[in-house]
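Q: Right, I'll just put the structure down here and ask away after.
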Amino acid sequence: MIITKPCYVDKLKSLQNVLIVCVDDDVPLANGCVSFTELTQADDIELSRPEISPEYTLSMPYSSGTTMLPKGVMMITHKGLVTSIAQKVDGENPNVNFTGDDVILCFLPMIHIYALDALMPSAMRTGAAILIVPRFELNLVMELIQRCSYAQEDAVRLKFPNAIFGQVFHYMVLIFHYLKDMSQALEDSDEVFSHVYLFIMDLSVLLRRFPRKNKECLNIPCIIRISRHEHRISFNSSLTPEKLICGVCHWKIDTNYGRYSCVKGCNYGVHSKCATREDVWDGEELEGKPEDPYEDISSFIEISEGIIQHFSHQDHHMRLDEKTDRAFDENNYCQACTLPICDDIIYSCIQCDFILHQECAQLPRKKHQVTHPHSLSLQVGHQGCALFECKACLRSSNGFAYLCDEEDYEYMLDVCCASIAEPLDHRCHQHPLFLTFEPRSKQICSVCHKSQGHRLNCGECGFVACFGCATLPNKLRYKHDEHVLLFSYEEEVNGQYFCEVCEKEANPKNGVYMCHDCNVILHIKCLLGKDENIMHGVVIEYPEVDVSILLNDRLSRNICKSCDKLCKHKIVYEVSDFEICSLKCLEFCCSIFYYVCLMFIFSFSMFYS
């Protein structure tokens, strides 16, 4: 049996009674050849086991022909090879410190004694993998070293046989210019560095060792686009003296290792592991692909000065209203963000009560957002008549939404969460906040004290803000107060405070709305309601039923038909003349209603059958 590459099969056709195994499965096999994959899948139990003596010859390696012509030497027995392997890798202090987590880069021919005796059996003994390179090509070897120079715990051992030092000197200068200062290597050939094992024997022998957990670095993309930066970034493995902070995790970047940097020259860098996270990168390699021109599509057409036609309200025109001292009306709210109109600049419909904040009217039709690797498009088709759940804050809403452009991703954000950018300067905290969370991890929010996934972290202290708390409006109005209420969060609180609505204790450590003129304090839920992102005055399509959302402003409060408690929240849900106090009770009630309908249909069909 001979194991070789398909390009050498023609040289072996004259041999008889020899099984030829080809290692390249991507190339069509010649007649009479077997693929290496087929060989490895064979059942070795069916094969007869030959009687082997420890003194039998195991292999016949060929010399390199330095004295005369290349010749085979019958010098290795089974016993000799096992002993040689044990001397290298066994024991508490082995000469070759291979482990099962290693991947060995080998470009030596397998007929060579060094590959046959030192590399292949030693790796097999320890469970290490071998990455075979067809031949020593400097560019290829350098690329593999640069792309996989991650292992901080590894070491370099240098051995320079005097006879061949001059032949490989120029190669080693290039390699060690990347790894460490060459002058230090020449002072002491036994110097221990980090990252790579180098063994130089015969004409040029290079053994590269790196952890198997990082062998995906061989396929690391060259140019990509991530959600945290507006430009493309490219993989950079060269040593530079610059100091960079990772744009994703905001930890220091060690420029001795590979990282990504902006192709436009921005002072922006990202760890390679951070840049290729599934929540940061869309998985597309952009090398060789032209940049798509980013088209900033406006959400409205300007008809005249102060008059627009918004794409979400095409039947009527809207007028700019710059008055900020208007009387507060809790029935007026923005159709995009669903928040009540305070002293904001707005666009209001000339013919109906459709209102948008100026900032909401100017939202882009398409955008890239830091929480998601794909582009998002502004959606208004569901507006008013259906609910969706924001993936960042997990709140239900019937306002505008940003939807992922990829069909396989059901990712939606409300416009408040979609407006979050880094760094976020929030009035409740003195330091900037960053999006540094790991996928599927959770942390306790410093404001609401709930365990949350999507969150913003302070880079200087332990402050954490979930998206629900980070997107709370800075100011709101209360119908029984003529002043504006400001959102307040205090870590250190002296004294007791009580909510104006529920008359229970209101602790600023949990976030409250406060009027500094008359000392009125309200809980967030008491001011905004339990389902704060849902607009009232509309009918939504719920499974099997139509649900009316009403403002709960009656003098008497009805009993919820689901939980049998008073409907005390800001809005109520009306289903077939029944009032439901919250969305949670509505989901339960509709599930019961759906079950009853199914039972009725089943009973009706059974009666007439």
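For all residues, glycine too, the Cβ spot is worked out from N, Cα and C.
TrEMBL entries are annotated by machine, without manual review.
Worth saying up front: this structure is predicted, and the values here are computed from it rather than measured.
Below, the features straight out of TrEMBL:
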type	residues	note
DOMAIN	13-147	domain 'AMP-dependent synthetase/ligase'
DOMAIN	228-275	domain 'DC1'
DOMAIN	311-361	domain 'DC1'
DOMAIN	371-418	domain 'DC1'
DOMAIN	479-526	domain 'DC1'
DOMAIN	547-586	domain 'DC1-like C-terminal'
TRANSMEM	592-608	transmembrane segment
Q: Please list, for the domain 'DC1' (311-361), how many residues fall into helix, strand and coil according to DSSP.
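A: Helix (H, G, I), strand (E, B), coil: 4 helix, 13 strand, 34 coil.
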Q: Summarise the model's confidence over the domain 'DC1-like C-terminal' (547-586) as a mean pLDDT value.
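A: It averages 83.
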Q: Go ahead and report the DSSP secondary structure tallies for the domain 'DC1' (371-418): helix first, then strand, then coil.
A: 4 helix, 16 strand, 28 coil
